[in-house]
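Data first, discussion second: the structure below is written as structure tokens.
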Amino acid sequence: MTGHKHIDPSGYTYAHEHLHIDLSSFKDNIDCRLDQYELICGEMKSLYAQGVRNIIEMTNRYMGRNPQFMLDIMRHTGMNVMACTGYYQHDFFPPHVATTPVKVLAQEMIDEIDIGIDGTALKAGIIAEIGSSVDVITPVEKRVFQAAAIAHHETGRPISTHTSFSTMGLEQLALLKSWCVDLSRVTIGHCDLKDNLDNILRMIDQGAYVQFDTIGKNSYYPDEKRIAMLSALKERGLLDHVMLSMDITRRSHLKANGGPGF
């Protein structure tokens, strides 16, 4: 079993998820270590029975990525898992990201796409989740976006981003456009965390896709308002530029632990 680079068109796709992620040290909270294999495997089997065929896995370097975990999930459930490559967001960057040449950062991404991740057979199929901070793209984040653009041009793989609380999506697109990235190969993440319809329309108008990927996280933003924005996009005939997901990141999000589950 190797990592698939393409979507299985026979079923649904969750566009932004985490099967194994560990931000517990950074957040000083064990709940942020999502690693309960049997529970996650059970949820993937349930999703598969309901017609879901693809999970786009957004855990990249230094977020607790575990390629063997993903390979095992695929083997035991039949779910197609597309792994990612990249660096996340400023607060989570290791120190070397600020000083490593951009072309070297890009080559790391290219190697994970063409050769494999951490010596395994799993190859990244998407450059993600490439992130920015709240209301700013820091200089170091800009370096990572540039590296992602280089890797995109070299491999043809799409780019999926992380916005912090639905900020800086348009600025992310402007950066990528300045490096001649085809915006129809870009999806902007976390667009559903505030009343963001005007910006969403501007992103779609440029050819990009948007993600409503925190569905069910009502403590951040109520689903009723997400539905209202989706309804407005439906009225405009734009749902073909929207991707859906839930961004499961914590143990407490799993059904067996009292959460909504995938």
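Along the chain as shown, the residues are counted starting at 1.
From the backbone N, Cα and C atoms, a Cβ is placed for every residue, glycine too.
Per TrEMBL, the feature divalent metal cation 1 binding site maps to H16, H18, E129, D247. Here TrEMBL flags E129, H162, H190 as divalent metal cation 2 binding site.
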For the divalent metal cation 2 site given as E129, H162, H190, which other residues of the same chain have their Cβ within 8 Å of the site's Cβ centre?
H16, M58, Q89, A128, I130, G131, S160, T161, T163, S164, G189, Q211, D213, D247
Tertiary neighbours of H190 (divalent metal cation 2 binding site) (same chain, Cβ under 8 Å, six or more apart):
H16, H162, T163, S164, F165, S166, Q211, D213, T214, D247
List the other residues in this chain whose Cβ sits within 8 Å of the Cβ centroid of the divalent metal cation 1 site residues H16, H18, E129, D247, in sequence order.
E17, I56, M58, T59, H162, G189, D213, S245, I248, T249
For E129, D247, listed as binding-site residues, tell me which one has the smallest number of other Cβ atoms within 10 Å.
D247
Within its own chain, what residues at least 6 apart in sequence put their Cβ under 8 Å from the Cβ of H18 (divalent metal cation 1 binding site), listed in sequence order?
L34, E57, M58, T59, M63, D247, I248, T249
State the count of C-beta atoms found within 10 angstroms of the C-beta of H162 (divalent metal cation 2 binding site), not counting that atom itself.
25
How many other Cβ atoms are found within 10 Å of the Cβ atom of H16 (divalent metal cation 1 binding site), counting all protein chains shown?
27
Please classify the secondary structure at H16 (divalent metal cation 1 binding site) using three-state DSSP.
strand
